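J.: Let me give you the structure first, and then I'll get to my questions.
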Amino acid sequence: MYMTATLHGCLLSCLSSPAAMEDTSSQKSGQSKDALGSLTPQESPANFVHVELEEYEPADFSTKELILKKAREVCTCNRQTIITFFCQLFPVLDWLPRYNVKTQLLGDVISGLLVGIVAIPQSISYSLLANQDPIYGIYTNFFCNIIYVAMATSRHNFVGSFGVLCLMIGQSVNRHLQLAGYSNDNAGSSLVGNSTSSSNETAACDRSCYAITVALSLSFLVGLYQVLLGVLQLGFVAVYLSEPLLSGFVTGSSLTIITSQMKYLLGLKIPRHEGVGSFILTWVDLFRYIQNSNICDLLTSLVALAIIVPVKEINDHYKEKMKAPFPIELLVVIVATVISYYFNFKERYKSAVCGHIPTGFRKPTLPDIKLFSSLAVDALPIAVIGFAMTVSLAEIFGKKHGYTVRANQEMIAIGMCNLLPSFFYCFASSAALTKTLLKESTGTQTQVSGLVTSLVLLLVLLWIAPLFYSLQTSILGVVTIVNLRGGLRKFRDTPRMWQLSKLDTVVWWTTMLSSTLITTEIGLLVGVCFALLCIIFRTQRPRATLLGKVGNTEIYEDQSTYKQLSSIANIKIFRFESSLCYVNKDYFKTVLYQKTGVNPILLGAKHQRVKAQANSDTGNSKSFFSTRFDCLKQAKKRAEKSPADACPPSIDMHTLILDCGAMQFIDTVGLSVLKETHHDYKEIGIQVLLASCNPSIRHQLREGGWAGEIDSGGQLAFHSVHNAVRFAEWWYHVQQEESKEKKDALLDPEDLNFQASL
């Protein structure tokens, strides 16, 4: 970047008379003292140096050449290109050869074992939430981990069944079950224990068989969406899901999940409500049929809650001192299963149990193409939420441990974790919050811990699964609810959030309430739309202030925020803290007139009326013979008037400076507004200067000619507010000198003698 510091005589000639130009040209020799043109307060206003930065020549841009260049890069096929492609698609090929067994294996094994132990009860309980048999939850966690190990860039994420996604899957599955004509009676227990009938490969597909068909077809579409978004490099869509929005959505979904699990804790057999108001309708049914609660399930749930919650709180409180959290959930599940088996809770107290869980793997199957049309809309929010949770957790732990996460690769990875397992009776998955936190806190180093977790789940699939036959579904409901404590704790953060940002708090509450009271899908859509409306509102009505000077410095700050700021005499500095576009053009004018106290349109109209009235009165009083003498008298009177008398008396400024430092861009409407502002204020004798414009805005101003011929070279757009202030003082000083010279010239004795001779 090159910089030249020169005086622009042409600028002065446009703003003043030739006499003033000659006056300033005689001062050029003494004006090379500062390259930036900033002057100390002791210097005279006339000593002004205008700064002009010489720009680089813009690079030639050819769309055709760019496309051809990208096509050559993609189509180039050699050994190195192939290796690079596969290393990017499968990051395991990059980090596994550098794996250090001595320093990393122990941490990965311990972490994988602990996460696997916790994943066993959660896999079964989340299957219930997704309206599926327990075995399918174990399938999902097993296959997803293996695929994610090979394709992930995150070292700490655990991918498997996630409560919020399971809720959305369960709602979609239940809706399709009702459309297919399957009875919703005894929904809580009709799914458990029915996998044997579907495994017999009978011609008829029972309720459980149809439920998993819907779920795996949905998983296929979710994975397809995510892979396509990743291949098309559209990972940026996650930025529209802000942290307050996601937090509110998770909290609202947590309340919905708790509501759906209450019937298992009470042992009630009530229908599962769907659609708008399902949250309220479910609670109405719970209180309506609460007298039918199963006492055995209720007592078991209360005892399990009384044991699990305190122990998990202790784990959280002493997690820094404990090498690993105590696996209280697995212990409770084992003890509850043993007690239920020996006391025969199913036969004696009619408690709902998991039933038979088959071992081994089922033959791969294909998704039902006929369901794609009805599942396409349901799959979209699941795909977006799953990707957003996965990338958010990956970036959090990547930043914490100092490694880079590629968002688009994470989208492809989580997409393949949904696409491929759908052929093996799995439902949609994403990064699971609680298990990811556990994985990171127990010292995992790489995704090898995911393979260890899959081995633990493999043991369950091959041998251990049938042992959970007598496990009560109420225990599974307790495990699900206990793991939602993190989402409910967000309520405690809302007062602090309100202090930091009221709009973000409103977004949180709006998303949470709509996700709870309407539906999860509509709640997410409402949250996104409301968040975007908040951004539009902030852009449409941004903060606007007048600036004052900080002592004898070149710093200018908000007068309404800071004390002891001095105003510049007859100069107003206005800052608009947003880009200027069609959305806020009217607000820009309104707040500008309000802050400066000068409405140029009204004052210009008033001045025109006064001038017209004066001209009318003068014309009526003139005679034909005195016209020549009266014209000279009126010219003399107008010359004798001071600049303040030429404008309405309410104007107390000669220059308006617009601080554009907060403007990222201006569109064509914004440029028109700046042109109108310059023209309107010029009509009442006030010049408008721009300061701190970025290069793109300066280019638009120059090309658009925002000040007409006066600023054809862009001299009225300054690089700093202080430079604009010094120019305004200099310009006013020149105008005063010019006015004085004109006044003296009109009072010259020769002119008076000439008038007398006429």
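Placement of Cβ uses the backbone N, Cα and C atoms for every residue, glycine included.
Marked as domain 'STAS' by TrEMBL: 561-728. Annotation comment: TrEMBL describes 1-21 as signal peptide. Here TrEMBL flags 210-241, 295-312, 324-343, 371-391, 411-428, 448-469, 506-537 as transmembrane segment.
Each of these features: where is it, how hidden is it, and who are its neighbours?
T.: Residues 264-267, 325-326, 328-329, 332, 336, 345, 349-352, 472-475, 477-479, 481-482, 485 of the same chain sit 6 or more residues outside the transmembrane segment (295-312) yet have a Cβ under 8 Å from a Cβ within it.
Counting only same-chain residues 6+ beyond the ends of the transmembrane segment (371-391), those with a CB under 8 A from a CB of the stretch are 154, 157, 159, 162, 164-165, 168-169, 172, 176, 179, 213-214, 217-218, 221-223, 225-226, 229, 235, 237-238, 241, 246, 249, 405, 407, 410-411, 413-415, 418, 428-431, 433, 520-521, 524-525.
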J.: Count the CB pairs under 8 A between the transmembrane segment (210-241) and each of 324-343, 411-428, 506-537, then give me the winner.
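T.: When the Cβ pairs under 8 Å are tallied, 411-428 comes out ahead.
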J.: Tell me, roughly as an integer, the mean pLDDT over the domain 'STAS' (561-728).
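T.: For the domain 'STAS' (561-728), the model's average pLDDT rounds to 77.
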J.: Same chain, outside the transmembrane segment (324-343) by at least 6, Cβ under 8 Å from its Cβ: which residues?
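T.: For the transmembrane segment (324-343), the nonlocal Cβ contacts are 110, 114, 117-118, 120-122, 300, 304, 307-308, 311-312, 314-315, 351, 353, 438, 441-442, 467-472, 475, 478-479, 482.
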